[in-house]
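For reference, the structure is listed below as structure tokens.
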Amino acid sequence: MEAFPWAPRSPRRARAPAPMALVPSARYVSASGPVHPQPFSSWNDYLGLATLITRASDRGSPHEGPGPTAAGPTMGPPEDDEDDDGEEPEAGGRYLGGALELRALELCAGPAEPGLLEERFAELNPFAGRAAAVLLGCAPTASTTAAAASTAEVTPREEPSPAWAAEPRLHAASGATAARLLKPELQVCVFCRNNKEAVALYTTHILKGPDGRVLCPVLRRYTCPLCGASGDNAHTIKYCPLSKVPPPTVRPPPRSNRDSLPSKKLR
């Protein structure tokens, strides 16, 4: 059996990574001495995410100086491969600089204006609509509206005004009116619905208008057999005024005295 001469392993593989030690500034550096285990702390940044975010933010804004934590020495873990491409850290830095640029976010740009969040989350409001100001008690009074108008004249804003600002007649609406505004205005004719008509027919109109006139086209063509009413005053026999009048009681004719006498037998 042929034996191969022993050859020493390459120094590249024989080199072991230096031990890592955690410094108080939450960065990893190589430690020459033995590492003493430390208790785990949930408030300690073991991964150094704060450093990455600070570097990315400082790299994206050249006018600002480096952060307070960027002044300390930072050393990453030793590289095991000496032939690594030197352009990878730059590419990673550019990626982090674009991905972690928090100042590019619209919400982090500065303090939000008073009406900005209201307009953004207006679609998520379950009471969005005409009656929202009445139910939630946020309808402005006359003095508030006048003050807002004067402020708008001094410092005009480009944002559109709320929907309830253009309708001052809702300010004095009662609770019943607010409840009615929340209900969907569906047109249902009870006469056609009770007669088993199609849904497409009885949802296009109502039975009677606010003034009491009959609006149903089917009922308007009907003529009451008792009173002959039709058109605006059309109704069925059940709702006819004559059907509610009790009929006169019929009394039997009075009996005569001759009929009251007992009959005699004829011989």
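Every residue gets a Cβ built from N, Cα and C, even glycine.
Values in this document were obtained by computation on a predicted structure and should not be read as measured data.
Features of the protein shown, as given by Swiss-Prot:
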- CYS189, CYS192, HIS205, CYS216: Zn(2+) 1 binding site (BINDING)
- CYS224, CYS227, HIS235, CYS240: Zn(2+) 2 binding site (BINDING)
- 78-90: compositional bias 'Acidic residues' (COMPBIAS)
- 244-255: compositional bias 'Pro residues' (COMPBIAS)
- 256-267: compositional bias 'Basic and acidic residues' (COMPBIAS)
- 40-56: region 'Essential for its translational repressor activity' (REGION)
- 57-94: region 'Disordered' (REGION)
- 243-267: region 'Disordered' (REGION)
- 189-216: motif 'C2HC 1' (MOTIF)
- 224-240: motif 'C2HC 2' (MOTIF)
- 188-242: zinc finger (ZN_FING)
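The structure, with features from Swiss-Prot marked on it.
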residue : record                : DSSP class
CYS189  : Zn(2+) 1 binding site : coil
HIS205  : Zn(2+) 1 binding site : coil
CYS216  : Zn(2+) 1 binding site : coil
CYS224  : Zn(2+) 2 binding site : coil
HIS235  : Zn(2+) 2 binding site : coil
CYS240  : Zn(2+) 2 binding site : coil
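Neighbour density at the Cβ, taken as the number of other Cβ atoms within 10 Å, is lowest among the binding-site residues CYS192, CYS216, CYS224, CYS227 for CYS227. Between the CA atoms of CYS240 (Zn(2+) 2 binding site) and CYS192 (Zn(2+) 1 binding site) there is a gap of 18 Å.
Taking Cβ-Cβ distances under 8 Å and a sequence separation of 6 or more, the neighbours of HIS235 (Zn(2+) 2 binding site) in its chain are VAL214, LEU219, CYS224, ALA229.
Reported as a whole number, the C-alpha separation between CYS216 (Zn(2+) 1 binding site) and CYS227 (Zn(2+) 2 binding site) equals 19 Å. The two recorded residues CYS192 (Zn(2+) 1 binding site) and CYS227 (Zn(2+) 2 binding site) have their Cα atoms spaced 22 Å from each other. Residue counts for the region 'Essential for its translational repressor activity' (40-56) under DSSP, helix first, then strand, then coil, are 8 helix, 0 strand, 9 coil. Sequence-distant neighbours of CYS189 (Zn(2+) 1 binding site) (same chain, 6+ residues apart, CB-CB distance under 8 A): LEU201, TYR202, THR203, THR204, HIS205, ILE206, LEU207, CYS216. Sequence-ordered, the extra residues of this chain that approach the Zn(2+) 2 site, with Cβ no more than 8 Å from the Cβ center of CYS224, CYS227, HIS235, CYS240, are PRO225, LEU226, GLY228, ALA229, ALA234, THR236, ILE237, TYR239, PRO241, LEU242, SER243. Note: the Zn(2+) 1 site is recorded as CYS189, CYS192, HIS205, CYS216; in the same chain, VAL188, VAL190, PHE191, ARG193, GLU197, LEU201, TYR202, THR204, ILE206, LEU207, LEU215, PRO217, VAL218, LEU219 also have Cβ atoms within 8 Å of that site's Cβ centroid. CYS240 (Zn(2+) 2 binding site) has a Cβ environment of 16 other Cβ atoms inside 10 Å. Cβ neighbour count for HIS205 (Zn(2+) 1 binding site) (all protein chains, 10 Å cutoff from its Cβ): 16. Across the motif 'C2HC 2' (224-240), mean pLDDT in this model comes to 88.
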